[in-house]
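Novice: Annotated disulfide bond per Swiss-Prot: CYS13-CYS118, in sequence order, evidence recorded as a curator's inference. Per Swiss-Prot, the feature phosphothreonine maps to THR114; the stated evidence is similarity to another entry. Under the heading motif 'Involved in PIP2 interaction', Swiss-Prot lists 84-100.
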Amino acid sequence: MSWQAYVDDHLMCDIEGHEGHRLTAAAIVGHDGSVWAQSATFPQFKPEEMNGIMTDFNEPGHLAPTGLHLGGTKYMVIQGEAGAVIRGKKGSGGITIKKTGQALVCGIYEEPVTPGQCNMVVERLGDYLVEQGL
């Protein structure tokens, strides 16, 4: 399966039991910041934004004072899982980023999608990739 198929079929799909509800944007990005696959709506990000995210995975709490920035949008960092998941909130939407052995699985949402639904979609694919050694 191509990386784009993972984005299209597993991240940008309808959320179980909620037809028509889906993430607004998603991507799979290598630890080096290279985009493996993304939705057409995923924001173009700066290398320093991805560097900040990777630093937070290695040094949990790094982004808390400044917020998580992606594509020029600032998200308030909320509880995640140190070294594994970063979650951010902005208004009625937010972001979930799951770190795997080689990549970051990113999902961005707006209402009516809930933070929990975004977490489920992103982390389920991330956990699968971890199980596959990716």
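Cβ atoms are placed via backbone N, Cα and C, with glycine included.
Bear in mind that the values here come from a model prediction, so they are computed numbers and not experimental data.
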Novice: Among CYS13, CYS118, all listed as disulfide-bonded residues, which has the most CB atoms within 10 Å of its CB?
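Specialist: Result of the Cβ crowding comparison: CYS118.
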Novice: How far is it from CYS13 (disulfide bond) to the residue listed as 'phosphothreonine', counting Cα to Cα, in Å?
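Specialist: Per the Cα atoms, CYS13 (disulfide bond) and the residue listed as 'phosphothreonine' stand 15 Å apart.
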Novice: As a test of reading the model: what is the averaged pLDDT for the motif 'Involved in PIP2 interaction' (84-100)?
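Specialist: Its mean pLDDT is 98.
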Novice: If you draw a 10 Å sphere on the Cβ of THR114 (phosphothreonine), how many other Cβ atoms land inside?
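Specialist: So the number of other Cβ atoms within 10 Å of THR114 (phosphothreonine) is 14.
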